[in-house]
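Comments concern the structure below.
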Ligand code: SER
């Protein structure tokens, strides 16, 4: 049975039994505890917690999921996918254990002609939480599963939670026995490869707090209702029903392997090592494309880093399969074709997706080239120091600066006959991770755990936002939080978070910075410098009590800092105009990837299919935007249905979760976007928009920065002033400056080259004097000296050869030492007559090299080496002299 058919039957089964079909959420949901959506229940979390009323009593979805915790297992086991589809049915206080078990049993065991999966009931095993007699009894009664195929397990296996604060509950898992050829008897507690888990039924009835371990975490109470959350792994069912050996060979994944076989000329199934590579490619290609589809671009942290790692592992695996040319575009096409029936947006967005993978591959290939050079130097250093282990610091630098995966470093080191200090590398990685975690925690202080805010939401409902029309308003304090705990009052000097029933303050969202301002009660003043929305619907004002004491239930006048707000609104409107301008100039593949609207300035990030935006195009965008200001267009905002907004062609962001009603910001036919931000009334209020720069901020993503209004004007004046100063200094008109500066730079270059040549000539010119100064040591003409300053490398060799030539047919030895900082290099040359007497240059080195802390080698006529002790040069010369004297 094809994967799409498995999904279709699941949906049909549940919509046929009163479940509302809900579309998959984006892989990126606004949940600070999650990098990617990793279970079907994530989008329903507020309904389980009672933060929002469930719009339907029962629902079903096929959710896109990404889990990368076991990335190293991919391709090595039969069942680890980084991307998979979780089919689920959910009950919000409707049916409970009995209903969940009945539904699951019917779907998996009904015959295929009856719309089920037709699994053999006798091969099904289940697990239940150790004290869940009720579930065990239901499995016996409803499904007739004998007691010996019902196994009990503890917290770690059969009590499900998201691993963080949130809903949780005991669960019951359904397994299918693949048969004795796949492992030992004894059920899932003995062998999870033979007994394959396909479906997890969670009896979601409790709430947990953060902390604890997987098998012991704090449970803080009951959820408002008893709910059901189930998750069936579509790929796993496909793997069973299609009779293949693992999840990588199922119908939607295997075609990538086939493409990799074509590109590499190697065959899947021929060697274990190659097979793992083929499967890594197939798995990662799919997750990579799906993640990019939801708007993520490769970067060095967070989601972008996970994506980068996935894509780079594909490129790397392909190299190891012997493919040299770019591969990502080809694999992305296969994924698109396989996944499009369920995700048609992959087709419409494909230009953007392939631009992102192409740019990342190009960047990685450059990395490989640059990193390989650094690697070669590191190997040479290690060898020169007589070591066999590459330093952990070097491996870390390769990883951190050049994006070299550690397995690549390990492999290349092995090829060079070296090992790598992996302990040190791991220690540095841990240090870096700890730093990153601390950074993330600092950014989101107090925001991880919504438990302090949720009671406020329960008691008072959402904060009414008045700020589209009002900048000052009366309200009531409904909650105060100090240091993460609810308090009845806060007094002068304290940092406080204030929740009001209604507010004109805009909370940071959609790239628009938060409002600042003051809250005044009869007796207190609180200065607000941040506003956030840590739980959906609640606006939390953060600030300092400047005077008096503020208490819950106080009446407040909330006043927004009007100048700051106006300036931010101008920037936000300007961002929409720049967005429209960029798309007009570059086409619709230039999709918004992020933005910042701050007082007087903006940043707009977008995926660029064709790399850097040429300066001329940027100037045109700027001019077009300013024309729209002069047209003084009306900026209209209105609410409408999502369908209508789509029909109007409003731009929306990838990965954003919109409700059924959306707010549109409309500047006529030029710009129309879904947006919750604040804007000016007419474009003329912006005055002027000045684009400052355009640059890359990561693979395929460009950033435009611009200033708005007086900030733009000040920038123009400052630049004008600078230009006048330079013009004065160079005594040229501004329009002559580019030529003038180019000419100056050229003259400087020529002068530097001449100087360099003179220096080299002078140094080489010393050859005659050096040869004349040869001393006689036991009948041998010896020139052993420190070379003139600045002579090293090729010059040193050339000078030695020149001096040797001037010794003619005398037996002669020339040894020159060049020093550079704390390094010494030396060259030894012998004349033919000296060699006739058995003096070989390479053999002379051990006699004196230890004095400069070094070594070297070479041929009888010319040898060289280096050391670390410049102070030892006189000793080295003396040692050479004695060696010759001793014959
Ligand atoms: N939330 C559960 C899981 O992810 C069931 O959907 O396994």
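Cβ atoms here come from the backbone N, Cα and C positions, even for glycine.
A TrEMBL annotation is a machine prediction, not a hand-curated record.
Annotation comment: TrEMBL describes 572, 576, 675, 679 as Zn(2+) binding site. Following the DSSP three-state reduction, the secondary structure of residue 679 (Zn(2+) binding site) is coil. Cβ-based neighbour count (10 Å, all protein chains) for residue 679 (Zn(2+) binding site) stands at 26.
Only residues 6 or more beyond the boundaries of the coiled coil (618-648), in the same chain, are considered here, and those with a CB under 8 A from a CB of the stretch are 468, 573-574, 577-578, 581-582, 584-585, 658-668, 670, 672, 674, 679-684, 686-691, 694, 704, 706. Marked as coiled coil by TrEMBL: 618-648.
What TrEMBL records for 1-718 is domain 'Alanyl-transfer RNA synthetases family profile'.
Residue 572 (Zn(2+) binding site) has a Cβ environment of 27 other Cβ atoms inside 10 Å. When Cβ atoms from all protein chains are considered, those within 10 Å of residue 576 (Zn(2+) binding site) total 29, not counting its own. Around residue 675 (Zn(2+) binding site), the C-beta neighbours below 8 angstroms that are at least 6 residues distant in the chain are 510, 572, 576, 663, 664, 665. Summed and averaged per residue, pLDDT over the coiled coil (618-648) gives 93.
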